[in-house]
Amino acid sequence: MDSKRAMVLRMEGTNNEEEAFLSLKRAGFEPEYVHINDLARKRKFIDDYNLMFIPGGFSAGDYIRAGAIFAARLRPFLSDINKFIDSGRFIIGVCNGFQVLTELGLFFNGDRKIALTVNESNRFECRFTYIRLSTKKVLSGLGNRPFQVPVAHLEGRVYCDNKTLDELIENDQIIFRYVDNNGNYSGYPWNPNGSIMNIAGITNDSGNVIGMMPHPERVYYPYQMSGNERNSDKGTGEIFFRILYNST
(Lines of atoms letter the chains of each structure in order from A and count residues from 1; the text may use other names and numbers.)
(Lines give C-alpha, C1' and ligand atoms only; values in the text may rest on other atoms or scores of the structure.)
Protein backbone atom coordinates (compact mmCIF):
# COMPACT_ATOMS: atom_id res chain seq x y z
CA MET A 1 0.00 0.00 0.00
CA ASP A 2 1.69 3.20 -1.17
CA SER A 3 -0.89 5.56 0.33
CA LYS A 4 -1.98 5.52 3.95
CA ARG A 5 -5.50 4.15 3.80
CA ALA A 6 -7.74 4.74 6.79
CA MET A 7 -10.92 2.82 7.58
CA VAL A 8 -13.66 4.81 9.31
CA LEU A 9 -15.68 1.96 10.77
CA ARG A 10 -19.36 2.45 11.44
CA MET A 11 -22.61 0.72 12.24
CA GLU A 12 -26.12 1.71 13.31
CA GLY A 13 -25.88 4.51 15.85
CA THR A 14 -22.32 5.74 15.30
CA ASN A 15 -21.80 9.43 14.61
CA ASN A 16 -18.98 11.88 13.91
CA GLU A 17 -17.97 9.70 10.96
CA GLU A 18 -17.87 12.71 8.65
CA GLU A 19 -15.72 14.76 11.02
CA ALA A 20 -13.36 11.80 11.38
CA PHE A 21 -13.28 11.20 7.62
CA LEU A 22 -12.49 14.83 6.82
CA SER A 23 -9.90 15.17 9.59
CA LEU A 24 -8.08 12.08 8.37
CA LYS A 25 -8.24 13.28 4.77
CA ARG A 26 -6.94 16.76 5.57
CA ALA A 27 -4.07 15.22 7.53
CA GLY A 28 -2.99 13.20 4.47
CA PHE A 29 -4.74 9.85 4.89
CA GLU A 30 -6.89 8.25 2.21
CA PRO A 31 -10.02 7.56 4.29
CA GLU A 32 -12.93 5.32 3.44
CA TYR A 33 -16.20 4.59 5.20
CA VAL A 34 -16.54 0.90 6.07
CA HIS A 35 -19.76 -0.45 7.55
CA ILE A 36 -19.52 -3.47 9.83
CA ASN A 37 -21.64 -5.35 7.25
CA ASP A 38 -18.94 -4.72 4.62
CA LEU A 39 -16.62 -6.84 6.75
CA ALA A 40 -19.25 -9.46 7.51
CA ARG A 41 -20.08 -9.89 3.82
CA LYS A 42 -16.41 -9.84 2.79
CA ARG A 43 -16.81 -6.77 0.63
CA LYS A 44 -13.94 -5.09 2.47
CA PHE A 45 -11.02 -6.43 4.49
CA ILE A 46 -9.21 -5.08 7.53
CA ASP A 47 -5.80 -5.98 6.14
CA ASP A 48 -6.25 -3.53 3.24
CA TYR A 49 -5.88 -0.51 5.54
CA ASN A 50 -3.12 1.24 7.47
CA LEU A 51 -5.37 2.64 10.18
CA MET A 52 -8.74 1.80 11.70
CA PHE A 53 -10.76 4.63 13.24
CA ILE A 54 -13.78 3.75 15.38
CA PRO A 55 -15.84 6.92 15.89
CA GLY A 56 -18.11 8.08 18.66
CA GLY A 57 -21.86 7.92 18.93
CA PHE A 58 -24.32 5.51 20.47
CA SER A 59 -23.72 2.30 18.53
CA ALA A 60 -26.76 0.01 18.68
CA GLY A 61 -28.33 2.57 20.99
CA ASP A 62 -25.78 1.71 23.71
CA TYR A 63 -28.10 -1.10 24.79
CA ILE A 64 -26.63 -3.52 27.35
CA ARG A 65 -23.81 -1.01 27.92
CA ALA A 66 -21.90 1.48 25.78
CA GLY A 67 -19.98 -0.21 22.97
CA ALA A 68 -20.93 -3.76 23.95
CA ILE A 69 -22.95 -4.65 20.84
CA PHE A 70 -20.48 -3.03 18.43
CA ALA A 71 -17.72 -5.04 20.11
CA ALA A 72 -19.78 -8.22 19.78
CA ARG A 73 -20.23 -7.51 16.06
CA LEU A 74 -16.45 -7.10 15.73
CA ARG A 75 -15.51 -10.19 17.74
CA PRO A 76 -15.67 -12.56 14.70
CA PHE A 77 -12.85 -10.46 13.18
CA LEU A 78 -10.68 -10.46 16.30
CA SER A 79 -8.01 -12.62 14.70
CA ASP A 80 -7.70 -10.16 11.79
CA ILE A 81 -7.69 -7.23 14.22
CA ASN A 82 -4.89 -8.76 16.29
CA LYS A 83 -2.83 -9.40 13.15
CA PHE A 84 -3.45 -5.77 12.18
CA ILE A 85 -2.16 -4.62 15.58
CA ASP A 86 0.81 -7.01 15.57
CA SER A 87 1.88 -5.59 12.20
CA GLY A 88 2.28 -2.18 13.85
CA ARG A 89 -0.74 -0.55 12.28
CA PHE A 90 -2.90 1.81 14.32
CA ILE A 91 -6.40 1.55 15.76
CA ILE A 92 -7.97 4.70 17.18
CA GLY A 93 -11.19 4.61 19.18
CA VAL A 94 -12.80 7.91 20.18
CA CYS A 95 -15.55 8.09 22.81
CA ASN A 96 -17.87 5.20 21.87
CA GLY A 97 -14.91 3.82 19.92
CA PHE A 98 -12.87 3.80 23.14
CA GLN A 99 -15.70 1.89 24.79
CA VAL A 100 -15.64 -0.66 21.94
CA LEU A 101 -11.88 -1.19 22.28
CA THR A 102 -12.30 -1.62 26.02
CA GLU A 103 -15.00 -4.25 25.51
CA LEU A 104 -12.68 -6.13 23.14
CA GLY A 105 -9.80 -6.04 25.64
CA LEU A 106 -7.40 -4.66 23.04
CA PHE A 107 -5.38 -2.66 25.58
CA PHE A 108 -4.35 -5.79 27.50
CA ASN A 109 -3.95 -8.58 24.92
CA GLY A 110 -7.57 -9.62 25.15
CA ASP A 111 -8.12 -9.11 28.87
CA ARG A 112 -10.78 -6.63 29.98
CA LYS A 113 -8.95 -4.98 32.85
CA ILE A 114 -10.60 -1.57 32.76
CA ALA A 115 -14.17 -0.34 32.52
CA LEU A 116 -15.68 2.87 31.20
CA THR A 117 -18.52 3.50 33.58
CA VAL A 118 -21.08 6.23 34.30
CA ASN A 119 -19.74 9.71 35.00
CA GLU A 120 -19.49 10.66 38.68
CA SER A 121 -22.00 13.45 38.01
CA ASN A 122 -24.45 10.77 36.84
CA ARG A 123 -25.29 12.87 33.80
CA PHE A 124 -24.25 13.45 30.20
CA GLU A 125 -21.26 15.83 30.12
CA CYS A 126 -20.93 17.91 26.96
CA ARG A 127 -18.48 20.83 26.83
CA PHE A 128 -14.83 21.78 26.32
CA THR A 129 -11.98 20.76 28.57
CA TYR A 130 -8.22 20.25 28.19
CA ILE A 131 -5.94 17.23 27.92
CA ARG A 132 -2.18 16.75 28.00
CA LEU A 133 0.02 14.01 26.60
CA SER A 134 1.13 11.66 29.37
CA THR A 135 3.20 9.01 27.57
CA LYS A 136 6.47 8.73 25.71
CA LYS A 137 5.24 5.77 23.65
CA VAL A 138 3.53 7.61 20.81
CA LEU A 139 2.47 11.04 19.47
CA SER A 140 5.49 12.67 21.13
CA GLY A 141 5.16 15.60 18.74
CA LEU A 142 2.26 16.86 20.86
CA GLY A 143 4.75 17.89 23.54
CA ASN A 144 3.71 18.83 27.06
CA ARG A 145 1.24 21.64 26.42
CA PRO A 146 -2.50 21.46 27.18
CA PHE A 147 -4.89 21.03 24.25
CA GLN A 148 -8.51 22.12 24.26
CA VAL A 149 -10.90 19.33 23.29
CA PRO A 150 -14.67 18.76 23.44
CA VAL A 151 -16.19 15.88 25.39
CA ALA A 152 -19.70 14.47 25.08
CA HIS A 153 -20.44 11.30 27.02
CA LEU A 154 -22.36 9.68 29.85
CA GLU A 155 -20.12 6.63 30.35
CA GLY A 156 -16.55 7.89 30.21
CA ARG A 157 -15.14 7.34 33.68
CA VAL A 158 -12.10 5.07 33.54
CA TYR A 159 -12.23 2.59 36.40
CA CYS A 160 -9.81 -0.21 37.28
CA ASP A 161 -8.31 -1.93 40.29
CA ASN A 162 -5.01 -0.82 41.83
CA LYS A 163 -3.04 -3.62 40.20
CA THR A 164 -4.21 -2.59 36.73
CA LEU A 165 -3.55 1.08 37.48
CA ASP A 166 0.00 0.20 38.52
CA GLU A 167 0.37 -1.73 35.25
CA LEU A 168 -0.84 1.24 33.21
CA ILE A 169 1.64 3.52 34.96
CA GLU A 170 4.57 1.09 34.80
CA ASN A 171 4.02 0.37 31.10
CA ASP A 172 3.47 4.05 30.25
CA GLN A 173 0.03 3.27 28.80
CA ILE A 174 -1.78 6.41 29.97
CA ILE A 175 -1.67 8.54 26.84
CA PHE A 176 -3.85 11.52 27.84
CA ARG A 177 -4.92 13.03 31.15
CA TYR A 178 -7.44 15.77 31.82
CA VAL A 179 -5.97 19.11 32.90
CA ASP A 180 -7.17 22.67 33.39
CA ASN A 181 -6.42 25.46 30.93
CA ASN A 182 -3.02 26.00 32.57
CA GLY A 183 -2.05 22.36 32.15
CA ASN A 184 -2.51 21.39 35.81
CA TYR A 185 -4.30 18.22 36.89
CA SER A 186 -7.62 19.25 38.32
CA GLY A 187 -10.97 17.78 39.30
CA TYR A 188 -14.47 18.47 38.01
CA PRO A 189 -15.34 20.14 35.67
CA TRP A 190 -11.92 19.80 33.99
CA ASN A 191 -12.07 16.08 34.64
CA PRO A 192 -15.61 15.72 33.29
CA ASN A 193 -16.29 12.17 34.43
CA GLY A 194 -14.22 11.49 37.55
CA SER A 195 -11.76 9.14 35.84
CA ILE A 196 -9.09 7.73 38.13
CA MET A 197 -5.86 9.77 37.83
CA ASN A 198 -7.66 12.08 35.37
CA ILE A 199 -7.23 9.47 32.63
CA ALA A 200 -8.65 10.66 29.31
CA GLY A 201 -7.08 7.98 27.12
CA ILE A 202 -4.88 4.88 27.17
CA THR A 203 -2.89 2.74 24.74
CA ASN A 204 -1.87 -0.88 24.48
CA ASP A 205 1.68 -1.78 25.49
CA SER A 206 2.93 -1.22 21.93
CA GLY A 207 1.33 2.23 21.64
CA ASN A 208 -0.58 1.57 18.42
CA VAL A 209 -4.05 1.00 19.91
CA ILE A 210 -5.31 4.32 21.24
CA GLY A 211 -8.58 4.92 23.06
CA MET A 212 -9.70 8.35 24.22
CA MET A 213 -12.94 9.95 25.35
CA PRO A 214 -12.38 13.51 23.96
CA HIS A 215 -13.14 14.30 20.30
CA PRO A 216 -10.16 15.83 18.41
CA GLU A 217 -12.04 15.36 15.13
CA ARG A 218 -14.56 18.00 16.22
CA VAL A 219 -11.94 20.75 16.50
CA TYR A 220 -9.82 20.46 13.36
CA TYR A 221 -10.01 24.23 12.84
CA PRO A 222 -9.50 27.00 15.42
CA TYR A 223 -12.97 28.46 14.74
CA GLN A 224 -14.46 25.22 16.09
CA MET A 225 -12.80 25.82 19.44
CA SER A 226 -13.89 27.95 22.39
CA GLY A 227 -12.81 31.28 23.87
CA ASN A 228 -9.26 32.48 23.27
CA GLU A 229 -8.36 29.14 21.68
CA ARG A 230 -10.13 30.38 18.56
CA ASN A 231 -7.12 32.62 18.03
CA SER A 232 -4.77 29.62 17.75
CA ASP A 233 -2.85 29.03 14.52
CA LYS A 234 -4.17 25.48 14.31
CA GLY A 235 -7.02 23.53 15.84
CA THR A 236 -6.30 20.66 18.20
CA GLY A 237 -7.59 18.23 15.58
CA GLU A 238 -5.17 19.32 12.88
CA ILE A 239 -2.22 18.96 15.24
CA PHE A 240 -3.41 15.56 16.48
CA PHE A 241 -4.19 14.04 13.09
CA ARG A 242 -1.05 15.31 11.36
CA ILE A 243 1.14 13.86 14.11
CA LEU A 244 -0.88 10.66 13.91
CA TYR A 245 -0.27 10.54 10.15
CA ASN A 246 3.47 10.88 10.68
CA SER A 247 3.35 8.10 13.29
CA THR A 248 1.72 5.53 11.02
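Numbering starts at 1 and runs along the chain as displayed.
A Cβ is built for glycine as well, from the same backbone N, Cα and C atoms used for every other residue.
Features reported for this protein in Swiss-Prot:
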ACT_SITE  Cys95  active site, nucleophile
ACT_SITE  His215  active site
ACT_SITE  Glu217  active site
DOMAIN    6-248  domain 'Glutamine amidotransferase type-1'
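Counting in whole angstrom, Cys95 (active site, nucleophile) lies 7 from His215 (active site) by their C-alpha atoms.
Cβ neighbour count for His215 (active site) (all protein chains, 10 Å cutoff from its Cβ): 22. Summarising model confidence by region, the domain 'Glutamine amidotransferase type-1' (6-248) averages a pLDDT of 97. The Cβ of Glu217 (active site) lies under 8 Å from the Cβ of Asn16, Glu19, Ala20, Leu22, Ser23, Pro55, Val94, Gly237, Phe241, each on the same chain and at least six residues away in sequence.
In this structure, His215 (active site) belongs to neither helix nor strand by DSSP; it is coil.
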